[in-house]
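Copied over from TrEMBL:
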- D225: active site, 4-aspartylphosphate intermediate (ACT_SITE)
- D225, K226, T227, E326, F367, K390, R413, T493, G494, D495, R553, K559, N582, D583: ATP binding site (BINDING)
- D225, T227, D579, D583: Mg(2+) binding site (BINDING)
- 605-859: domain 'P-type ATPase C-terminal' (DOMAIN)
- 1-20: signal peptide (SIGNAL)
- 103-129: transmembrane segment (TRANSMEM)
- 160-179: transmembrane segment (TRANSMEM)
- 636-657: transmembrane segment (TRANSMEM)
- 669-689: transmembrane segment (TRANSMEM)
- 719-738: transmembrane segment (TRANSMEM)
- 758-776: transmembrane segment (TRANSMEM)
- 788-811: transmembrane segment (TRANSMEM)
- 831-852: transmembrane segment (TRANSMEM)
Amino acid sequence: MVDILMLPAVLTACLPVVNLCQMFSYSGEVICEPPNNKLDKFTGTLYWRDNKYPLDNEKMLLRGCVLRNTDWCFGMVIFAGLQTKLMQNCGRTKFKRTSIDKLMNTLVLWIFGFLVCMGVILAIGNTIWEQKVGRTFSVYLLWDEPIRNNNVVFSGFLTFWSYIIILNTMVPISLYVSVEVIRLGHSYFINWDRKMYYIQKDTPAEARTTTLNEELGQVEFIFSDKTGTLTQNIMVFNKCSINGKSYGTMHICVWFLCTRTDCVDFSFNPLSDRKFKFHDSSLVEAIKMEEPSVQEFFRLLSLCHTVMPEEKNEGDLVYQAQSPDEGALVTAARNFGFVFRSRTPETVTLYEMGIAVNYQLLAILDFNNVRKRMSVIVRNPAGHIKLYCKGADTIIFDRLDPSNQEFAGEGLRTLALAYKDLDENVLEEWMKRLLNASTVIENREEGLADLYEEIETGLMLLGATAVEDKLQEGVPETIACLTLANIKIWVLTGDKLETAMNIGYSCNMLRDDMNEVFIISGHSVSEAHALEPELEQVLLETACLCKTVICCRVTPMQKAQVVELVKTNKMAVTLAIGDGANDVSMIKTAHIGVGISGQEGMQAVLASDYSFAQFRYLQRLLLVHGRWSYFRMCNFLFYFFYKNFAFTLVHFWFGFFCGFSAQTVYDQWFITLFNIVYTSLPVLAMGLFDQDVNEANSHRYPSLYRPGQLNLLFNKRQFFLCTLQGMGTSFLLFFIPYGAFCLVVRDDGSHISDQQAFAVIISTSLVIVVSVQIGLDTYYWTAVNHVFVWGSLAVYFAILFAMHSDGLFSILPSHFPFIGTARNCLTQKSVWLVIMLTTVACVMPGLAVRFLKTDLYPTLTDKKKAKSLNIDTQCRLCRSRPRSRTSDSCGGPGAVHADTVARCTMFSSDTLVRLASGLSGHCVKKQCGLVGLCFGGLRLS
């Protein structure tokens, strides 16, 4: 893959014929900048036939781009392989890891240290036992040669490594495999969620990673772009001001009802866009009356742009614009009779009120973030040369002619349009200097900027445009719900201050009663250095004291710096969400990156960890999927460590009764199958399907999200508690059967004291205990949970009797030596009594602690579940009451029943927020039984 220079774009004016044969005869030299990662910039010069031709980014076809409106072109390779700009932008990919991942790695190291400590204790015990007791059994148990030479320390050394091997099941190697399986399942649940599917664009939600699902339940800061993320990024031409007169949306208000005037009829224009809507017919009348200022206004909109037209059928125009607002302005000019039809590198063709007019394109003065304006210089058919300019209002007003300053004082805060008549001689001299400045390699941009500044002075203001970018559906409700979940939302946008504040009010992030609003402008002198190391802590502390933070006029790099500042200093989980290429840097910087597949391509989606089509789906992603994933993962880890300690530490207690000889309690088949077969599926089912509250209550009570932010469900303290519980269970699993065997006899009076029967009883007790425990730990039972839990028990007994059967012993006697042990042991009533006693003793302490904790120190989830259960019970009682046949008039029994039902009616948080946001300025007047609504400041669409 290569970066290609398109030669026809360079040599159009000097190549008489462009065909394949003649292209081979052309020779020239290109001098350009070295390989770099600047996608929007290219500086070079082509030397051909003693002439110099400037090369810029408009003449480059970068790797990954596609040709439009043409089938082929001639080109020359400039950069190839790793030197291409796309590859230069591919920095090191940072592997994102969750806080639980980091905690798991720490805990594994702790467990390994604990394993070494137990190995040392048992090795010391073996050394002492061999020294004091073992030598008395040397006739019965022959010592090896080293020990026979009184080297009991060597025996302890061998015992240490033997116990390291026996107790290695305490180190959860299978844990990482199980965690990845659970994460994969959670990712599929997000992909399959129909409530996050956007039917209008056939776009489902997509989990593009499987490693961050539980991190979605711990987010504290959300950094959001504005355009295309909170808004639809579908620009609508609503209003304009031409020569001091305003045109646009008009409302007719009668009492408290406001209605919008009818749409303008554009049937006079056969090339109009039928989707375009405008609500002021006076502007059409001005066009038909051929008012010069109005015609010049729309002529500027149809000429000053970089839009490419595509016309597959006659009159069926499709505009390919670099930005939606530019496309909206050209479409507006098209509907008002100034149709941009086609362009070449030298000409632009318009249809002005049905008449084709060709303009010679002399120069394009490009837009960039520093200039904040764009200009074109054209020659009309009459030979007059004009400069048309559009840009930010503050920039254009500074360049107006002194005689035109009065209109600028009216305070327009939208895109301003201006023009200027140019003299032929002045332009010719300026074009020569422009050619010289555009062919130098060093400081080309500075030279061009000075020339642009020189000619863009003394402008005459034509007017201004107002383009509306509507909010996406459900944005205010989503922000309100996430705020209730104690999630702080910061808006980082490149728009100006007024636009950012208006969106803040529309989203309910800003309110009139707020006095803690912190708005940062990235281009102001005082705050431009706020992200410097000396001041960034002050910026962070000030912002964190505010309820709402909006950063405007920030660059993509500044967005990433703000995210990194919070991520590093607050030690909180951050989430960045955006839809465009300018959001990629902050998406990659944040712990979790979310891309919205909107109008600005797929760059943000490709760089993200999760993607969907609408901002409102973020609420479900965090409060439902994220919270469930965190809850399930924490419960899974707690139970996994518990069962491993309960399973493994039995060997430790047995070591004190077997002379520290590294003899195992269980048979080797049970040790092999315990984590793989007997207990793997139930814990996976719990990790995949468990839920403490349903999705409705997750939305109804956003505060349930708080434990994840505080990392309460699984931390080092919880790990210590599950370790104690596992150690206690292992202690009871060993000593209850051991103590019972000292006294219990068979039905025939013989002792149940062989090691094989002891192993069967402990293993059976262990499987039953961990199965009962996972049943108590499971909040939400599904058919899968039932099959896996009870099925695992059935599989255990089936394998147990099979391995102790006569058949397998006859086939492989060395591998299955416990012939008949299970059959002989488990037929005794006393054995089952011991198993039941062991199960109850292991389970009851934890059950009692859980009951007392729920009753005396209930968690937030316990409180909300009890409240929800109480409300549901009341509603069922209300529905179960018979409705009275009497009239529901005031004071009748029916009215009482209606009042009871009304009090039991539940409104979702979305509904309440929607009512509150939509009727924030209403007042209710009750006069003669008639209720009237007066809407203050309510926008009707």
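We number each residue from 1, going along the chain as drawn.
From the backbone N, Cα and C atoms, a Cβ is placed for every residue, glycine too.
Caution: TrEMBL annotation is automatic and unverified by curators.
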Checklist entry - For the transmembrane segment (636-657), what are the same-chain contacts with Cβ under 8 Å, counting residues 6+ beyond its ends? => result 100, 104, 107, 118, 122, 125, 163, 166-167, 169-170, 172, 175, 178-179, 182, 663-666, 674-675, 679, 683, 686-687, 714, 718-719, 722-723, 725-727, 729-731, 733-735, 738, 762, 766, 769-770, 773-774, 777, 842
Checklist entry - What is the Cβ neighbour count of R553 (ATP binding site) at a 10 Å cut-off, with all protein chains included? => result 19
Checklist entry - Looking only at residues six or more beyond either end of the transmembrane segment (160-179), which have a C-beta under 8 A from one in the stretch? => result 104, 108, 111-112, 114-116, 118-120, 122-123, 633, 636-637, 640-641, 644-645, 647-649, 651-652, 655, 662, 664, 671, 674-676, 680, 683-684, 687
Checklist entry - Pick from T227, N582: which of these binding-site residues has the biggest number of other Cβ atoms within 10 Å of its Cβ? => result T227
Checklist entry - So which binding-site residues are near D225 (active site, 4-aspartylphosphate intermediate), with CA atoms within 10 Å, out of F367, R553, D583? => result D583
Checklist outcome for this item: All chains considered, the count of other Cβ atoms within 10 Å of the Cβ of G494 (ATP binding site) is 23
Item to check | Spatial neighbours, same chain, of D583 (Mg(2+) binding site) - Cβ under 8 Å, 6+ residues apart | outcome: D225, T229, P556, K559, A576, I577, G595, A604
Next on the checklist: For the domain 'P-type ATPase C-terminal' (605-859), report the average pLDDT of the model, please.
Outcome noted: 90
Checklist outcome for this item: The rounded CA-CA distance in Å from R553 (ATP binding site) to D579 (Mg(2+) binding site) is 17
Item to check | Same-chain residues at least 6 apart in sequence whose Cβ lies under 8 Å from F367 (ATP binding site) | outcome: R373, M374, G391
Checklist outcome for this item: Other C-beta atoms within 10 angstroms of the C-beta of D225 (active site, 4-aspartylphosphate intermediate) total 31
Checklist entry - Roughly how many angstrom lie between the C-alpha atoms of G494 (ATP binding site) and D579 (Mg(2+) binding site)? => result 13
